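A quick write-up on the structure given underneath.
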Amino acid sequence: MARVYSNWERLVQATLRQEQQRASGPGHERIPSGIAGSVPDSLQRTTNINAILQAADEIQSEDPNIARILCEQAYSMAQNLDPNSDGRGVLQFKTGLMSVIKQKLAKKDGARIDRNRDVERLWEFYQQYKRRHRVDEIRREEQRWRESGTFSANIGEFSEVNRVFTILRALVEVMEALNKDPAPDGVGRLIMDELRRIKKSDATLSSELTYNIVPLEAPSYTNAIGYFPEVKGAISAIRYNEQFPRLPEDFEISERRDLDMFDLLEYVFGFQKDNIKNQRENVVLMLGNAQSQLGILDEADPKLDEKAIRQVFLKVLDNYIKWCRYLRIRIVWNSLEAINRERKLFLISLYFCIWGEAANVRFLPECLCYIFHHMARELDAKLDHGVATRSTNCTAENGSTSFLEQIIGPIYETLAAEAARNNNGKAAHSEWRNYDDFNEYFWTPGCFELSWPMKKDSSFLRKPRKGKRTGKSSFVEHRTFLHLYRSFHRMWIFLIVMFQALAIIAFNHGKLNLNTFKTLLSIGPTFAVMNFVESCLDVVLMFGAYTTMRGMAISRLVIRFLWCGLSAVFVLYVYMKLLEERNKNTSDSFYFRIYVLVLGVYAGLRLVFAFLLKFPACHRLSEMSDQSFLQFFKWIYQERYFVGRGLVEKTTDYISYVFFWLVILVCKFTFAYFLQIKPLVEPTNIIVELPSLTYSWHDLISKNNNNVLTVVSLWTPVVAIYLMDIHIWYTLLSAIYGAVMGARARLGEIRSIEMVHKRFESFPDAFVKNLVSPQIRRLDRQSSQASHDNNKTNAAIFSPFWNEIIKCLREEDYISNREMDLLSMPSNAGSLELVQWPLFLLSSKILLAIDLALDCKDTQADLWSRICKDKYMAYAVQECYYSIEKILHSLVEGEGRLWVERIFREINSSISEGSLVITLSLKKLPVVLSRFTALTGLLTQKETPGLAKGAANAVFDLYDVVTHELLSPDLREQLDTWNILARARNEGRLFSRIEWPKDPEINEQVKRLHLLLTVKDSAANIPKNLEARRRLEFFTNSLFMDLPPAKPVCEMIPFCVFTPYYSETVLYSNSELRVENEDGISTLFYLQKIFPDEWENFLERIGQKDSGDDELQESSTGALELRFWASYRGQTLARTVRGMMYYRRALMLQSYLERRSLGENVYPETSFPTTQGFELSRGARAQADIKFTYVVSCQIYGQQKQRKAPEAADIALLLQRNEALRVAFIDVEESGTADGKLTKEFYSKLVKADAHGKDQEIYSIKLPGDPKLGEGKPENQNHAIVFTRGEAVQTIDMNQDNYLEEAMKMRNLLEEFRGKHGLRPPTILGVREHVFTGSVSSLGSFMSNQETSFVTLGQRVLAKPLKVRMHYGHPDVFDRIFHITRGGISKASRVINISEDIYSGFNSTLRQGNITHHEYIQVGKGRDVGLNQIALFEGKVAGGNGEQVLSRDVYRIGQLFDFFRMLSFYFTTVGYYVCTMMTVLTVYIFLYGRAYLAFSGLDQGISQEARLLGNTALDAVLNAQFLVQIGVFTAVPMVMGFILELGLLKAIFSFITMQFQLCSVFFTFSLGTRTHYFGRTILHGGAKYRATGRGFVVRHIKFADNYRLYSRSHFVKALEVALLLIVYIAYGYTKGGAVSYVLLTLSSWFMVISWLFAPYIFNPSGFEWQKTVEDFDDWTNWLMYKGGVGIKGENSWESWWDEEQMHIQTLRGRILETILSLRFLIFQYGIVYKLHLTGKDTSLAIYGFSWVALAGIVMIFKIFTFSPKKSTNFQLMLRFMQGVTSLGLIVALCLIVVFTDLSVADLFAGILAFIPTGWCIICLAITWKRIVRSLGLWDSVKEFSRMYDAGMGILIFAPIAILSWFPFVSTFQSRLLFNQAFSRGLEISLILAGNKANVQASSF
C-alpha cells in the first residue's frame, strides 16, 4: 500500500510541476501559481484556501518557512471542510497539497521544525512585510482620501497595491486561525489587538473586497467610483431609514456598510445574497447615471433629484404598467403622486431582484409582471408594519424562506417538463408548450385564476403526461407551407386579383368597356373565396389550442369563419346570376346593380377599417373611440393581442414607404402585363381552339379538355415568375434609393488616402464639432486665451485623439515606427502661433520649396504664389522659418542672441517690403539648411560635453554661412562692422557655448524640424497598409456626417457590451500555429504570406526584426506576442475582447481630457491637454467603469477549467490583461445524496481577475436547474444578462472586432436614443459592419461584398423609409431596460427560435419599439471564407427562416402591419427565401412543362399549327430567372455600394473581377443551398445550429466530404435537371434548332454545371492530380465501408445514408415526400411511347410491359449481386446460374435487336427511362421505411441506393479527373481562388505547394 501511495504522490507531483510550467511558460506569462490554481470549487465557495495558497506562492522566495505555514493551514481548512474527500477533485487536491508541503519540509535539510513558534514567525513576518511595503503610509493616504474625496497621483500602481493587500489578508486570516487560544501576554495578545484594530477600522485588510464595479461593502483604495457625487447620492437614496420596518437583530449584514432597502427585500422574500449584491450595484449605477444625465450633484451633500428616480421608475416598470392597463386591473400604486420616492425605489429594487433570480422565467416578461404585481402588494403591506416579517408565500414548510425554490422553482420545473417533450427538437411544435405559450397565458384576465401563491394544480403549472398533449396558448406552429398564405394573405390575394384583372384586360385586347368591366368584377368572388380560405386556415391551424384558448378568441374565429363563408357564398351566387344576365343579353341589370352595390359597400368598409387601424392619424382617433360597435368590428377585422398594438408610424414615414411601394408596383404590373401576360394571350387562344391533336402517348387528361395541360405548362412558369419578380423590382429600387440616401449622408466623400491628405486641414474643426464635448472645448478655449486662432485651438484638441489613433494602429502592427512618426501630429500646445500638421503632409515640401526658390527669377510675391499652390508646402515653409527662429533664440545668449534677433528682424522687414529676393541670396539656401540640419541632428541626441562642443561649432558654421553667403553684400558688411559682434568674435566668445534644449516644447520642435528637413521621399502612400488606409478613410469621412452632439462622459448614456461564447477559439496556441496540414502549410506560414507588411511591423515592434520563428519560440514574451499577433488576424475571442476594450480606452481618454478627475492635479489649468498617463488616472478609469462594462458569457468556462482545457487558460489570460473584463459562466456542482444518487446544482457565476491574475468570484447565483432548455445561445445570454449594466447593451458576436477611432464615436451613437426617429424613441440602434475576411480568398470576397451591401445599403433602406429593419445578429445597440423587461435580447424556444437574434427585432417591433440604422460608426465582423463553411452558414440561416414561417411573430407582424409595410417585411425576411425557392422552382416548372410537351408530342404539333408559342413571355420569364439565378440582382446593391463608397472606376473593376472569379457560379450554387434548406425545413423540420468553423481555409476538402455535404442538396437536383434537359433535346421540338435550344436552356445548363462542380472549382488543390487520386481512393473506401453502431457517416456510406433519412419523421412528411417523388415516373411513362420498339401504339399496356421489363432487370441484378456465405456448394451453383443468365441475356438482347424494331438508341432510352423510376422507388422505400423493412426488402433498397450514389459520384468525378491531367488547370484554379490576395502581393502557389525551401531562400 505504501508503494501505491508513493507512486500516486510522484504522479501528482509530476502533474503539478507540468501544470506550473504550463501556467508560467511561454504561452501565458503568468505568475507561477503552483497548486493554487487547482483548488476544487467545493472548497473555494466558503473559504479563502485559494488566496492563502496564492500568497504562499508569492512569498516563497522571501520566506519559505512562512509559505510552509500557509500551506499547512490551507490543508487543515480543506480537511475540516471535507474530511472524507467526497467532493470532485478534493482527494487529488489534498494529495497534491501534501506533496507540496513535504517538498517544503525537505528543503529544511533535515532540520527540525518547531510548529509551536509558527505564530511568532508569522507575526514577525507580518510586521516586516508591512514595513517593507509602506502599508501604514498607504493606509494614512487612504484615510486622507476618504475624508477629502481627493488623492495625489503619485501613489504606487494599483496592481501592486492590490497584491500587497491580498497577501496581508491571507496572513491575517492564518494568524487568526492559529491564534485561537492566545496567552494573556506575548505574541498572542499582540495578534488579538491587531485583529481587533483591523476589524474596527481597517476596511482594506479586514477582508478581501470582492466587488464588480462599485465597492459598496467598503471604500476601496484603488477604486474611485464610490466617491463620485452621483454614486454617493444613489447609495444614500437606498439607505435604510427609521420609517421602514425594523429588521431582527440576528439579521447579518456587512459591518462596513449601512442597512439599505435590499436588506429588507432579502429578509422578507428570501432572495439570494449574491442576487441582492448584484442588483444593489445595478440599481445604484442606474440611479447614479440617471442623475449624472440631469446634472452633477453637490459634493458636500449629494442627494438624487426626484426627476431621476421618477425617470428610472417609469422606464423599469413601463411594461408592468402597460400590462395592467391591457388587462384592466388596478396598478399596485394609485398614482405616481401618491407614492413617495422611497416606495418608488423599493418597487424598482423589488422588480430587479425578481428579474435577477428568475433564470429561464426571464423569457416570460408578463409572468414576471404577474409575480411582481403580487409581491409588490405584499411588500406594500409589510412596509406599513413596524417590524419586518418574512413572506409566507416564499416560505417553505421547513421554515426556510427562498424566492427561488417557492416561486421560480415550480415554474421552471413545468418549463423543463415541457421542453423535455420536444425530443431534442424532433417533436412537432404543436406537441409541447414553448416559452411564448407560457408567457401568453398572462395575456388574459384568466391568469389571475392562478392565484397567489400559485396553485400547483393549475393549468399553467400542469406538467405534461405521456400520450396527452397540453394545450397551446393562442397560436400553434404546425409545420406547413400554408403559414405563408395565412400570415401574408393580403399580399397573395392582391397579387392573384391583380393577375386576374390584368389577364382579363389582356384577353379583352386591352379594351375597357362595359363587358370587360363585368368580367373584371369576377375579382369579387376571387377575393371572397381567398378570404374564406384564410379564415379556414385560421380554424384548421389553431387545432391544438382550442382547449386552452380564451373564449373570445374562439368566438372571433367562428364569427370570421361564418362571415367569410357566407359572404363568399353570397358573392359567388350574385356573380353567377350576373353572368346569367350577361349571357341572356337582356337589358335587365338587377343583379349587376346589386353586385356592384355589395362590392362597393364591402370595399368601402374594408378601406374604412384599413384607414382606422393603419393610417397614423386615423389610428389615434380609433384608439380614443369607446364606441362598442366600432370596437367590435375592429376586433373582428384584426385580433387584439398584448403585443402588436399601435403598429403605426409617423404620417411622413407612412407616405414615404407607400410611395416607395407604389413605384415598385407600377413597374412590376407594367412589366407583367406587356412582357408576361399579353404575349401569352394569342398562343393560349390558338391552343384552346385547336382541333384534336395526335398525342404520342396515352393521354389521360388533356385530350378532350381543350389541351388544358398544354395551357398549364405554358402559363405556370409565367405565374411563378409573376409571384416572385416583385422582389427583383424591390432590389433595383432599394439599390437606387439606398445609394441616393447614402450620398445625402455624405458616405464615400473620402474614398482614398489622397483625399485624406487633401482634406486633412478640415479634420480638426470637424472633429471638435462632432466628437468633442462642450466641456473640453470650453476648457481649451480658457487655456488658449493668449491665442485667438480658433484653428490652432481645434488642432490642439484634435491632436491627442489623432495621435492615440495612430498609436493604436502601431500597436496593431498596421503601420511601422517610421509611419507612426510621420502620421503623428504635434501637440500644437506651444507658443508657435501657426498650426503644426503631421509630417506625412509636409515631408519633402521644404526641399521642393527650395527648388522653387533656386529657380526663382521673379519677385517675392511670385515665389510665394507658386509655393502657396500647395497649401501644405506653404505650411511647411512657415513652420520651418518660425521654428528655426525659436530654436536659435533658445540656444544662444548674449551677442549671439543679438545676432539672431538682428537677422530675423532684417528678414521680416524685407518680407514686409517684398524685397526678400534682394535681401537674401536664395541660391545659398541649400547650404544654410545643410548646416542647420547638422545642428538639429546633434540636438536630437542626449547632451554630452563632446556633443555640446560640436553643437557650438555647428552654430558658428551656421552663423558664418548666413552672414557671408546668404545675406546681401550691404547687410553682410553691416554685420561684419557691428562692433559688439566683432568684439565677441575676435575674443572667441561668439557661440562658444550654447544652452542645450531643456524645454519639452523646444525638444519637440527640434526633433520635428530635423525630420522635416531630412525626410526626402514623398509620403503620398503613407500609410501603405490597406486596412490602415480603409480605417482612416472611413473615420475621417464620418467626421463630416450627421452625428448627434457629444455629451461629456459623465453625462453620456452608460452601456455594456455583451458577447456569448461557447467553445470557439480564444487564442491560437503555439502548436496550432505551427502544425502543418497535408500540404505542409502551417497557419503561421499562411499568415506571414497573407499579411507580410504586418508581420514585418510586428517584428519591429517587439524588437526582433532580424529574428526567426525559432528564436521567437524560445523567448516567452515573443512567443506570447506571436500568439496574440496571429489571433488578432483570425476570428478569435481574443480579437473581439481587444476590440471591445477600446471603448474603455476611448472613454478614459475623453474623460481624462474633460478633467473630471476627483482632485487629481494631472496638468495645470493653463496648459493644453495631454494624454500622457491617461490610462493610469484613477478618475478617468472610474468614470469609464461607470459608463462601460464588458461581459463575456462563456457558457462552459467552469467545465473547461475543471478539465484543464486550453480555452480556460486563454480566457484567464484575457481576464488578466483586461481588468474591466468580466466572464460569466454556468457552473455545475455535483453532490451525492443519502440514497447514492448524484444531484446537480447549477450556478450562474461572474468572475474577474484578482491581483494575482487568478479568477475571483464576484457573484454566484443559484439557478433552479439546467438553464439550457431550448436553443443554447439565447439561454447562455439570458443567464449572464443579469450581470450587465447601463441603459444600453451592444450585442457582439465572438468573431467581431472594433477600432479605437470608432469607439470614440460611441457616445454620439448612444445619443440617438434621445433623438427623434419617428413616433417612438429608438429601442435598437443598428450599426454598420466591415467584413474583415474579404481579402483571404475569392469566396471570402464574395461573402464580404454580399454582407457589406446588406449591412450598409440594404439596412439603410430597411430602416428608412421602409421602417422594417430588424435585429440580424449584428452589433446592434439595445435599449437595455426596454428589452430586459420584455423578455430579453433573444428568444430561446427549441428549433422554432433557431435564428434567435432576429426574434428580438420582431419582439421589439411588436412591443412598440423603433429600430434605426446608423452608418457613421462601424464594427468589424468575420465571415466564412470556405465554400463548405459558407454552405453550412447559409443552410443554418435558410433553415432558421423556414422556422420563422411557422412562428407567431411573423404571423402577427404580417397581420398587424399595414399593407405596404407588410410587403416590406415579407420581401426582406421570409419572402426573400420564398422568392429564392421560386427561382429554382421556375426551372423545374418550365422543364417539366417542356418534358410534357415533348413526351406527348404536342410541341411539334402546336408549333406547326400556331407559329407563336408565347416565346416573348417565356423569354422574359427565363431571362428574369437567369438573372436572379446568377446573382445579378444580388450584385446590383453591391455595385451601387461600390460606386457610392469606392467610385465608379473601382466599382466597375471590382464587378469585372468578381465575374472573372466565377461569382455567378458561386451565387447559383448558394441559390441551391438556400432553396434546399428552406424547403426541407418547412416540409420536414430539421433546422439546427451548424458549426461552420471560423479558421483559415487553405486545406483541400476531400471528394467524399463534398459529396456527403452536397449530394442531396445539389447533386441529385442538378442531375434531375440534366435529365430533363436531355429529354427535351432528345424528344422536344425547337423551331430554331440547336441554337434556339441552347438559348432557351442556357440558364438551366449553367445551374446544372454550377451545382455539380462548384464545390470542386472552389476547393483548394481541387484539380491537382495527386490529390485527385487520393480522393478517389478515399471515396471508394467510404462507399464500400459497412456501417454499424457507433460508425459515423463520415466513415461509412451506410451510416451517412441512414443519417440522410432522419428528416422524414411524420406521416404528413411521408405523404408529401411520396407526392414529390412520383414526379420521376413521368420519364418512364413518356419514353416508352417514344421507342422504336413500340411504334405508334399508345395503349396503356405498353406502359405496363415497361414495368415488367423493369422487374426483370431488377431480378437479374439481384441474381448477379446475391452472394450467400453459408454454403460453398450453393455458391458454385449460383455462379453457374449467373454465367448461364449472362450468356442468355446477351443472346436474347441480340435476337430482340435483330428480329424486332428495338434499336440501340432504344437501349439508351430505356436506361434514361428506368434511372428516374429506380430513384423514385428508392425515395418511396426510404419514405415508407418501416413497411419496406417488414417486407424484407430493405437490404435490396440499400444496395440499389449504393449503386446510384456510386453512379452519381463517377459522373461528377470523371470530369475532375480529366481536368486534373492538365497541370495548368490547377494553376489557374489557384489564381482564381486567391486572386484578391494576389493583388496584395500574395504568392498563394507557394502556400498551396508548401514549398518552404523556396520561401526560406527568398527575401522573406
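Using N, Cα and C of the backbone, Cβ positions are placed for all residues, glycine too.
Database features (TrEMBL):
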- 342-455: domain '1,3-beta-glucan synthase component FKS1-like' (DOMAIN)
- 18-40: region 'Disordered' (REGION)
- 488-507: transmembrane segment (TRANSMEM)
- 527-546: transmembrane segment (TRANSMEM)
- 558-578: transmembrane segment (TRANSMEM)
- 590-613: transmembrane segment (TRANSMEM)
- 654-675: transmembrane segment (TRANSMEM)
- 1522-1545: transmembrane segment (TRANSMEM)
- 1611-1629: transmembrane segment (TRANSMEM)
- 1635-1658: transmembrane segment (TRANSMEM)
- 1740-1760: transmembrane segment (TRANSMEM)
- 1772-1795: transmembrane segment (TRANSMEM)
- 1801-1822: transmembrane segment (TRANSMEM)
- 1843-1864: transmembrane segment (TRANSMEM)
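Same-chain residues lying 6 or more positions outside the transmembrane segment (1843-1864) and placing a CB less than 8 Å from one of its CB atoms are 1599, 1603, 1607, 1611-1612, 1615, 1652-1653, 1656, 1662-1665, 1667-1668, 1672, 1675, 1679, 1693, 1697, 1814-1815, 1818. In the predicted model, the domain '1,3-beta-glucan synthase component FKS1-like' (342-455) has a mean pLDDT of 90. Spatially, the transmembrane segment (654-675) is adjacent to the transmembrane segment (488-507); three or more Cβ-Cβ distances between them are under 8 Å for residues at least 6 apart in sequence. Taking every listed stretch (488-507, 590-613, 1522-1545, 1740-1760) in turn, the largest tally of C-beta pairs under 8 A with the transmembrane segment (1635-1658) is reached by 1522-1545. By the Cβ criterion (distance under 8 Å, sequence gap of 6 or more), the transmembrane segment (558-578) is counted as touching the transmembrane segment (590-613), at least 3 such pairs being found. According to DSSP, the secondary structure content of the domain '1,3-beta-glucan synthase component FKS1-like' (342-455) in residues is 78 helix, 3 strand, 33 coil.
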